[in-house]
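Dropping the structure in here first, questions after.
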Amino acid sequence: MILTKNSNEKKPLKKGLFIVFEGIDGAGKTSILKQLLEVLKEPKLVNKIFLTREPGGKNNNAAEMIREFFLKNLEVFDPLTLAYLYASSRAEHVKKTINPHLEKDHIVISDRFVHSSYIYQGIVQNQSLDVIYQINQQAIGELEIDYVFYFDVNVNNALNRMKNRFDNTNAFDSQNKQFYEKLLKQYPSVFKVYNQPKKIIFIDANKNENEVLCEVKEQLLKIFKEHKYI
C-alpha cells in the first residue's frame with residue numbers, strides 16, 4: 001500500500017503563487033512558457049511573473065552548473081546518483097530562486113519540478129518512489145505547488161515534435177516509443193500520491209500551438225483573478 005505523501009497539518013500561508021508545467025518531452029510546454037509574457041500583458045502583472053525551468057533555474061548559476069554537469073554525462077551515472085544530482089540542482093533552485101520570488105508575492109511558473117523526478121528518476125529508472133520523495137523533500141522543504149498544468153499529448157505527436165525541433169536534445173529525447181508510453185501512463189497517478197498540488201489542470205497538448213497557448217492563457221487569467229493579482 002502506498003501512502004499519500006502529503007501532510008494534512010495546516011501550514012502558514014505563503015506569499016506568491018507557484019505554478020508548474022509538466023508533461024513528457026515533446027508536449028509543447030516549453031514553447032508555451034516562452035510565449036507567456038507576450039500574451040499576458042495585463043498592467044498589474046508587469047514585474048509580477050517570473051518564468052523558470054528545471055533542471056537548473058533562471059539566473060541561478062549553481063543550479064545551472066549542476067544541470068550542465070549531469071546532462072553531459074547522463075549515461076555514466078547510476079540512477080540513484082542521478083536522482084541526487086537532480087535534487088541538488090532543485091535545492092539551489094528552490095532556495096535561491098523560487099522561494100525569494102514567492103516571498104515578494106510574485107507568480108513563479110516553472111517548466112518542470114519535482115514530479116519530473118518521480119517519473120524520470122523514479123518510475124522509468126526503476127528507483128523507489130519513496131526514496132525519490134525523501135531525497136527531494138530535503139531539496140524543496142515545505143514548498144508546495146499551487147497548480148500543475150499537465151500537458152497531455154499522445155506519443156506520436158510528441159515524437160514528431162522532437163524530431164522536427166531545432167534545439168539540442170539530451171539523451172532522454174532519443175529513447176523509444178515505449179519509454180514515453182510508460183511516462184504517459186504514470187504521470188497522473190504520481191500527481192495524486194506525491195507532493196500533490198492544490199489543483200491539476202489538464203491541457204490538451206495535441207491541439208496546435210496557438211490553441212494550446214490560448215487555453216493556457218485563459219486558465220492562468222482565471223487563476224490570477226481568483227488570487228486577486230488582476
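Cβ coordinates come from backbone N, Cα and C, glycine included.
What Swiss-Prot lists as ATP binding site is G23, I24, D25, G26, A27, G28, K29, T30.
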Compute the mean position of the Cβ atoms of G23, I24, D25, G26, A27, G28, K29, T30, which form the recorded ATP site, and then list in sequence order the other residues of that chain whose Cβ is within 8 Å of it.
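Leaving out the recorded residues gives F151, V153, A158, R161, A205.
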Return the residues near I24 (ATP binding site) by Cβ distance under 8 Å, restricted to its own chain and a separation of at least 6 in sequence.
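The list for I24 (ATP binding site) reads V153, V155, A158, Y180, L183, L184, Y187, given in order along the sequence.
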For G23 (ATP binding site), what is the secondary structure state per DSSP, taken as helix, strand or coil?
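Reduced to three states, the DSSP call for G23 (ATP binding site) is coil.
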How many neighbouring Cβ atoms, not counting its own, are there within 10 Å of the Cβ of D25 (ATP binding site)?
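So the number of other Cβ atoms within 10 Å of D25 (ATP binding site) is 22.
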